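**Q** So that we are looking at the same thing, I have put the structure below in C-alpha cells.
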Amino acid sequence: ARRSLASPVVSGVLCPCGSPRAAAAPGSASVTDSGAAAGGGGSGAGGGAGPCGRALCEASEQERRLRALFQKLDVNRDGALCIHDLAVGLGRLGLHRTELDLLKIVKAGDKDLDGQLDFEEFVHYLQDHEKKLRLVFKSLDKKNDGRIDAQEIVQSLRDLGVKISEQQAEKILKSMDKNGTMTIDWNEWRDYHLLHPVENIPEIILYWKHSTIFDVGENLTVPDEFTVEERQTGMWWRHLVAGGGAGAVSRTCTAPLDRLKVLMQVHASRSNNMCIIGGFTQMIREGGPRSLWRGNGINVLKIAPESAIKFMAYEQIKRFIGTDQEMLRIHERLLAGSLAGAIAQSSIYPMEVLKTRMALRKTGQYSGMLDCAKNILSKEGMAAFYKGYIPNMLGIIPYAGIDLAVYETLKNAWLQRYAVNSADPGVFVLLACGTISSTCGQLASYPLALVRTRMQAQASVEGAPEVTMRGLFKHILKTEGAFGLYRGLAPNFMKVIPAVSISYVVYENLKMTLGVQSR
C-alpha cells in the first residue's frame, strides 16, 4: 500500500498561536497535511480556528510542513533536490518514480536552470502543480460529489475517444485508492499525482490525439483539438505557432526527400527507372546542392495560412455538429477534420501547385516564386492553379480515415495490454503510433497524391497531353501497371520517421519557449 508522503514527519505539530491542530476528519489525511499542499491550503487541518483565526497558523504551519518534506527528500543535505535525491527520498516514502519522471519534475520547477530544485523552486512547483490538479479533479468529477469513480473515468476517456473497460478503470482507481472505497476523493487524487509529472488524466488522453507535432509534410491530417481552458487562455495560438515552427524545421530538414518524391512521381517510368541515389545525383548535377531544396520555400510559407484556416474551420464545424462534448468522438472528429481540411486545401491550393512547379523547375527557369506564378498565369491562365484539385480533395478522406482508424486500433491495443496502473503511453509509444498510422494513411491515399502531382505538373512536362483524373489513372495502369501508382513511395516513407521525430523535438522546445503548459 502507498504511504502518505510525510504525515509522520509533522504529526503533533502545534499551531504557532498555542492551540493544537484540530483532528482531521477520518480518511482526510493528505499530502497537504504531509507537506505538499500548496495553493490548496490546509484542507487536511479541518476543525475550528485558533486565536489567530487560522490564517497565520495555516500559513506558518504549511511552510514548516513543506520544509520538513523538503529536508526529508534532500538526501545529501546540500539544500537542493537533484534527481538522485528525489529517487532515494521518494523511494523511502514508498513512491517509486522512473528517472524520466524525476527529470520532468526537476525540469518543470528548475527556474535558474542549475539542474536541481532549491526550496523556493520546490514550493513553486508544488503550488503550480496542485492548481492544475484541482482543475482536472473538478472536470473529472462529473457527478459533482467530490469523488471520482470508475464510471466517471470510463466516461471521461470515452468522451475523448479512448475506450477502456470498467475493469481497467478500476485498476487505475486502485493505484490511487488508499481507503478501499473504490472512489478517489480530492486528497487521494492529489497525494498520488502531486509528485508525479503527469498532471491529469485529460493530459494523458491528449497524448492520444493527433497533434500538430505529427508534421510529415502532408496536408491531409485532422486538425489539432484544444480544450476550453486552452481556448479561453489563448494557449491555442501558441500551440499553433509551436506546431508551425516545428513543421517548418521538419519540412526543411526532409525537403531533399520531398523533392525527390515529386521528381519520381512525375518523371519516373518503366523506361526511366529513377532510383534514390540516381535521383539525388541527377538533382545535384543539374543544379548543385542548393537544388535539393527547390520548392521548400513555398512549402514552409503555406503552413501558417493552412493551419489557421483549418483550425478556424474545424472550430466552426464542431459548433455546427452541435456536440456537447468538449472533445469530439472519433467519427465526429473524422467528419469535422475532413471538412476542415477540404476548406483549408481549397483556400491554399494554388500554393500547392506552385510548390510542385518550383520543385520541378530547371536551373534558371524562374527567378523566384512570384516569377513562377506570373509565368503560369500568363501562359496557362487561372485554371492552372487548380489542376489536380479533385484527386487532392478525394485523398483527404482515405488519409484521415485510415490514419485515425489505425491510431485508434494501436492506442486501444496498447491500453488493453499495458494500462494497468496508468494510461500514460509515454513519448515513444505516442511517436510509434503516430508514425505507423500516418504511414498507413499515406499508403492508402498515395495513388491519388501521385495523380494530383502529375496533373499539377502537366504543363511543365514537355509534350505531356492534357488529361483528366480518370484518364491519367487509366494511362498509368496501362503503361506502368499498378506499381506506377506508387512511384516515389520509397523517399516518401523514408522521410516519415525523421519528420515526426524532428517535429516532436522542435515542437516541445518551442512550447517551452512560448510558455505553453506541457500536455
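The backbone N, Cα and C atoms fix where each Cβ goes, and this holds for glycine too.
Curation plays no part in TrEMBL annotations; they are all automatic predictions.
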**Q** When TrEMBL marks a stretch as region 'Disordered', which of 26-45, 166-185, 286-305 is it?
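**A** TrEMBL lists region 'Disordered' for residues 26-45.
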**Q** Counting by DSSP, what is the helix, strand and coil composition of the domain 'EF-hand' (128-163)?
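**A** Across the domain 'EF-hand' (128-163), the residues distribute as 23 helix, 2 strand, 11 coil.
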**Q** Treating G and I as helix alongside H, and B as strand alongside E, what does DSSP give for the repeat 'Solcar' (234-320) in helix, strand and coil?
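**A** Its residues divide into 73 helix, 0 strand, 14 coil.
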